[in-house]
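Trainee: My questions will all concern the structure given below.
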Amino acid sequence: MTHSDRTPAPANTSSNPGIRSDWTPGEVAELFELPFNDLLFRAQAVHRQYFDPNAVQISTLLSIKTGACPEDCAYCPQSTRFDTGLSVEELMDVQAVVDQAQQARQAGATRFCMGAAWRSPKDRDMPAVLAMVRGVSALGMETCMTLGMLSDSQAEALAEAGLDYYNHNLDTSPEYYREIISTRTYDDRLQTLERVRSAGMKVCCGGILGMGEQRMDRVGLLWQLATLPTHPESVPINQLVRVPGTPLADEADMDALEFVRTIAVARILMPASHVRLSAGREEMSEEMHALAFMAGANSIFYGDKLLTTANPEENRDLQLLAKLGISPEPLTLHSAPLDPDPRFYDASSPHAA
Ligand code: SF4
């Protein structure tokens, strides 16, 4: 199911008539070719139709199981195939995850993303994973997980437990994908996305820039995302973090303006989706962040430091947002108390579903 054999979905796949899923690769390429100022003006105009331009959604990410992944994603320090010196950590205890989520919420995060370095979850891990979803959800936060490929029954169980978002990235264009990963196919990824959607969860799906791909691959990635029958609600655009020991450790610098350009095109193609600045932000200047927000990025991952910084005023991200007059987007999904009853998420509790 690549460019050549996937038919774009019909035009209006959402209740909003301005949203299209029938973009052609040529239209996407033309957007990339626009003069920079024209592109940013268009992206900003679209952004203002759909979002408060001075608000960003804030997520926090926790690795609930780290390293020893059998896959061979060339950018990833968690693959067992590359010697990156990463310490392997088993699946975390449910209560420890909920405690971290509570800290993140107190520091201002509205969505808590939990990531496990798996090809796909084992059935024996599912009770703990589902308990984590229930526990974080009970805090009144949005929940997101990234656990690798899912079966139908696993997707249904996660949805049943209340998982709001499932993250599964396409990474790059179908054509360049084979240069990056050999242990699972682009179609495998699209199938997991379909399962997530069918189970009723929201989709978080994007890619990584700066892996040595060409502009046509960035066109291909965005075209894939923008022609899914329903756009991903969340579109993370990552910049490669060059980790020593991985095959992409010595990749050339990503051109900053091309990165911003990609954000702007994503905003125009998927006007109602949150476009997220994710990995690689540590290397981005304040000016690049500001341009990315102007281009339509409206979601960020807070760094890990948020969980350990006593005074959030000292947090670099919050300082930047304050400088730009940008506020955290308020959460309206849940309104549960900060101190939920553990019986509702304890995997060993008879109250847990
Ligand atoms: S599947 Fe995920 S954790 Fe595993 S190597 Fe690929 S990116 Fe890393």
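A Cβ is built for glycine as well, from the same backbone N, Cα and C atoms used for every other residue.
Predicted automatically and left uncurated, TrEMBL annotations should be read as such.
Not my notes, these are from TrEMBL:
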type	residues	note
BINDING	Cys69, Cys73, Cys76	[4Fe-4S] cluster binding site
BINDING	Cys113, Cys144, Cys204, Arg276	[2Fe-2S] cluster binding site
DOMAIN	54-281	domain 'Radical SAM core'
REGION	1-22	region 'Disordered'
REGION	331-353	region 'Disordered'
Trainee: For the recorded [2Fe-2S] cluster site, whose residues are Cys113, Cys144, Cys204, Arg276, find every other residue on that chain with a C-beta no more than 8 angstroms from the centre of their C-beta atoms, and list them by sequence position.
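Mentor: Neighbours found: Ser59, Leu61, Arg111, Thr146, Tyr165, Asn167, Ser234, Pro236, Ser299, Phe301.
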Trainee: Ranked by the number of other Cβ atoms within 10 Å of their own Cβ, which of the binding-site residues Cys113, Cys144, Cys204 ranks first?
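Mentor: Within the set of binding-site residues, the most crowded position is Cys204.
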Trainee: What does DSSP say about Cys73 ([4Fe-4S] cluster binding site): helix, strand or coil?
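Mentor: Coil, per DSSP.
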Trainee: Which residues, same chain and not among Cys69, Cys73, Cys76, have a CB within 8 angstroms of the centroid of the CB atoms at the recorded [4Fe-4S] cluster site?
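Mentor: Other same-chain residues with Cβ inside the cutoff are Glu71, Asp72, Tyr75, Pro77, Gln78, Ser79, Ala117.
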Trainee: Can you tell me how far the Cα of Cys76 ([4Fe-4S] cluster binding site) sits from the Cα of Cys113 ([2Fe-2S] cluster binding site), in Å?
Mentor: 18
Trainee: Taking the Cα atoms as reference points, how far is Arg276 ([2Fe-2S] cluster binding site) from Cys73 ([4Fe-4S] cluster binding site) in Å?
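Mentor: Rounded to a whole number, the Cα-Cα distance is 21 Å.
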Trainee: For Cys69, Cys73, listed as binding-site residues, tell me which one has the smallest number of other Cβ atoms within 10 Å.
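Mentor: Taking Cys69, Cys73 as the binding-site residues, the minimal 10 Å Cβ count falls on Cys69.
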Trainee: Where Cys113 ([2Fe-2S] cluster binding site) and Cys69 ([4Fe-4S] cluster binding site) are concerned, what is their Cα separation in Å, rounded?
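Mentor: On Cα coordinates alone, these residues lie 18 Å apart.
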Trainee: Test of understanding: give the count of other CB atoms lying within 10 angstroms of the CB of Cys76 ([4Fe-4S] cluster binding site).
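Mentor: Excluding its own Cβ, the number within 10 Å is 23.
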Trainee: Using the alpha carbons only, what distance in Å do you get between Cys69 ([4Fe-4S] cluster binding site) and Cys144 ([2Fe-2S] cluster binding site) once rounded?
Mentor: 20
Trainee: Which binding-site residues among Cys73, Cys76, Cys113 have CB under 6 Å of ligand 1?
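Mentor: Only Cys73, Cys76 meet the Cβ criterion.
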Trainee: Mean pLDDT across the domain 'Radical SAM core' (54-281), rounded to an integer, is what?
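Mentor: Averaged over the domain 'Radical SAM core' (54-281), the predicted model reaches a pLDDT of 92.
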